[in-house]
């Protein structure tokens with residue numbers, strides 16, 4: 001293609017993504033658009049086509065990004081090239097969303113006609129506004145009996161400040177309004193601006209590992225052209241690779257001769273590991289590099305850590321291989337080997353957030369058939385020592401001696417909770433119980449309230465989400481972002497069995513709650529650990545101070561059974577003998593801790 005044709009083609013390109021809260025109908029809308037533009041034959045069509053992972057379909061969420069090229073012949077008779085970039089809607093994957101939005105010029109905002117705006121919709125709209133996207137509101141599910149499009153329209157205008165007078169009323173399920181949406185994309189989404197003649201700049205917004213071709217980059221070309229045979233360079237680490245293939249997805253990968261400015265597609269360059277290709281990085285040509293990378297790239301750091309241990313210790317190597325395979329597709333997953341006296345060999349893993357942790361755990365169990373134990377999730381604490389040093393600690397067992405600690409800081413998040421008015425009291429009570437500080441509260445409409453709190457991340461990691469859902473009958477929606485580190489009165493609590501620390505049960509807790517948490521755990525363990533031949537004390541300790549204790553009584557044989565009547569000194573002798581035996585047993589005996597004990601402590605409910 002010559003320059004003229006490339007420029008003409010560029011004017012016909014429309015790059016857009018779909019933003020929505022979970023369950024507002026994003027994947028269904030994407031399916032309808034694919035059908036309408038006849039990208040996918042009806043034979044290949046299946047619900048949630050873009051969500052290719054089983055887990056995504058089951059949970060009804062989008063985890064990995066997908067980008068698809070469609071051709072659409074508009075009413076003006078011209079054929080346009082659409083690139084639909086699917087985004088995950090969940091808070092853990094916010095960075096992925098922001099990168100995929102950076103690859104677009106426009107976004108379709110899908111809002112449920114019955115439920116209205118939710119917390120995550122809002123978070124993603126702000127990301128889209130940060131990237132200067134043209135936002136087109138679509139009010140979906142208008143065929144529901146509870147639908148109230150007019151209320152939702154005013155909500156969009158009041159809460160987000162978008163003009164919703166031209167919002168399309170649609171039902172993706174019934175196929176209503178799809179054509180209007182496609183026409184709006186043609187009219188409203190600007191064509192990509194970018195210079196075909198400039199040095200290559202392409203934004204990586206996802207990468208997928210392929211066993212035969214190595215890592216395949218999903219890119220949006222901002223400037224320039226890339227074709228097979230070019231030598232590309234990654235700007236964050238300067239590594240170079242030879243391009244073996246470029247192409248587009250029409251869900252299936254289709255090879256092309258080149259990718260030019262405005263195109264969204266893939267580059268294969270026999271790259272060995274996903275670690276080299278960070279989402280948000282810029283690809284350029286090694287022979288004619290761009291002067292500076294695209295802005296907005298940042299290293300993703302895990303926020304939540306937990307130990308993963310195989311239940312059968314001989315599965316340790318399988319677990320390592322499984323984690324390495326998952327890491328090929330998920331550069332934000334980090335892990336390193338760790339050992340625990342109680343659980344044996346395993347890995348300390350870092351995750352972006354709770355959903356990410358859940359998904360990884362479930363994929364390990366489902367795709368690789370490994371049964372796991374997970375230790376209590378923890379966050380990164382900044383520990384300032386008395387000698388002026390400071391250290392980051394994410395594992396309770398690595399905490400320094402309490403006498404050496406000057407202060408401990410913990411991460412706080414800004415939590416935004418949207419909830420119907422009648423549940424505001426319950427939400428506030430929950431947030432206070434989780435050590436939250438109230439920031440502000442405003443009414444979205446007559447019935448819904450947006451409450452903002454600063455809450456320690458450690459409290460959210462625990463079971464905040466489940467508690468929030470149950471105290472609001474599932475009506476609350478919730479979004480959080482890391483805000484700052486603050487000094488807190490935190491202590492490390494150890495659990496001792498028969499005087500020995502059980503490392504896997506140690507956790508960090510706020511001083512004010514230490515006593516009740518300790519009491520809860522020792523009582524819970526007492527119910528679970530089977531009785532031994534000797535008495536076993538269970539203690540919760542902070543440093544050397546015991547804050548809670550309970551004993552598991554010994555099982556004892558009735559040694560007096562064969563003394564009928566008889567002398568009291570004879571009985572005493574037998575009892576003393578038994579007592580001495582128990583004492584000896586206790587000094588050398590060890591207590592087996594059943595698997596449930598760990599799990600029960602992790603699912604700590606304040607019953």
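Glycine is treated like the rest: Cβ placed from N, Cα and C.
According to Swiss-Prot, the protein carries these features:
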type: BINDING; residues: 23, 24, 25, 26, 27, 28, 140, 141, 142, 143; note: GTP binding site
type: DOMAIN; residues: 11-193; note: domain 'tr-type G'
Cβ neighbours within the same chain of residue 142 (GTP binding site) - under 8 Å, at least six residues apart: 113, 149, 169, 170, 171, 176, 177
Residue 27 (GTP binding site): tally of other CB atoms within 10 A of its CB: 23
Coarse DSSP state, helix versus strand versus coil, of residue 140 (GTP binding site): strand
Protein Cβ atoms within 10 Å of residue 140 (GTP binding site), excluding its own: 31
